[in-house]
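Here is what Swiss-Prot records for this protein:
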type     : residues : note
LIPID    : CYS3     : S-palmitoyl cysteine
LIPID    : CYS4     : S-palmitoyl cysteine
CROSSLNK : LYS20    : ubiquitin cross-link
MOD_RES  : SER27    : phosphoserine
CROSSLNK : LYS31    : ubiquitin cross-link
MOD_RES  : SER42    : phosphoserine
MOD_RES  : SER56    : phosphoserine
CROSSLNK : LYS60    : ubiquitin cross-link
MOD_RES  : SER98    : phosphoserine
CROSSLNK : LYS103   : ubiquitin cross-link
CROSSLNK : LYS104   : ubiquitin cross-link
REGION   : 121-161  : region 'Interaction with LAMTOR2 and LAMTOR3'
MOD_RES  : SER141   : phosphoserine
Amino acid sequence: MGCCYSSENEDSDQDREERKLLLDPSSPPTKALNGAEPNYHSLPSARTDEQALLSSILAKTASNIIDVSAADSQGMEQHEYMDRARQYSTRLAVLSSSLTHWKKLPPLPSLTSQPHQVLASEPVPFSDLQQVSRIAAYAYSALSQIRVDAKEELVVQFGIP
């Protein structure tokens, strides 16, 4: 099941504060990942276009995130649960009734209703078997002689270093 919560409509104070902390680049981190104090003198003071782009991507991502674990779960009452169960079962019944023709088909195609007569009949003449073998050999030969000639390169380089 999915979540129908939209962050654009309702924001709690805690959500706004979390977003503000995520989006506020002026608050420096307290510690580096390795536990050492960060060196602020080595950071460049001017933001580049790339950093501005990354910040805007981060802002868009943070505004579009839906925290499913923080969303209040809407519990269903017993009658709502039973109504949904009935609704789903009627939908399944409608869908399964349209697929009943698949259940009626035999697992293997039936060429005859009396296979014992086919098995007891005369075998296929040897000349017919030879003719089918020759036709299959000609078809195999024709297929094996199919060639694709390259007229131009498949991959073209665009002079990118």
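Glycine is treated like the rest: Cβ placed from N, Cα and C.
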Candidate recorded positions SER56, LYS60, SER98, pick with smallest Cα gap to SER141 (phosphoserine): SER98
Tally of residues which DSSP labels helix, strand or coil - the region 'Interaction with LAMTOR2 and LAMTOR3' (121-161): 19 helix, 0 strand, 22 coil
C-beta crowding around SER56 (phosphoserine), within 10 angstroms: 10
Local Cβ density at LYS60 (ubiquitin cross-link) - other Cβ atoms counted within 10 Å: 10
Residues that sit under 8 angstroms from SER98 (phosphoserine) by C-beta distance, when 6+ apart in the chain: none
Cβ-Cβ neighbours of SER141 (phosphoserine) (radius 10 Å): 9
For the region 'Interaction with LAMTOR2 and LAMTOR3' (121-161), the mean pLDDT of the predicted model: 88
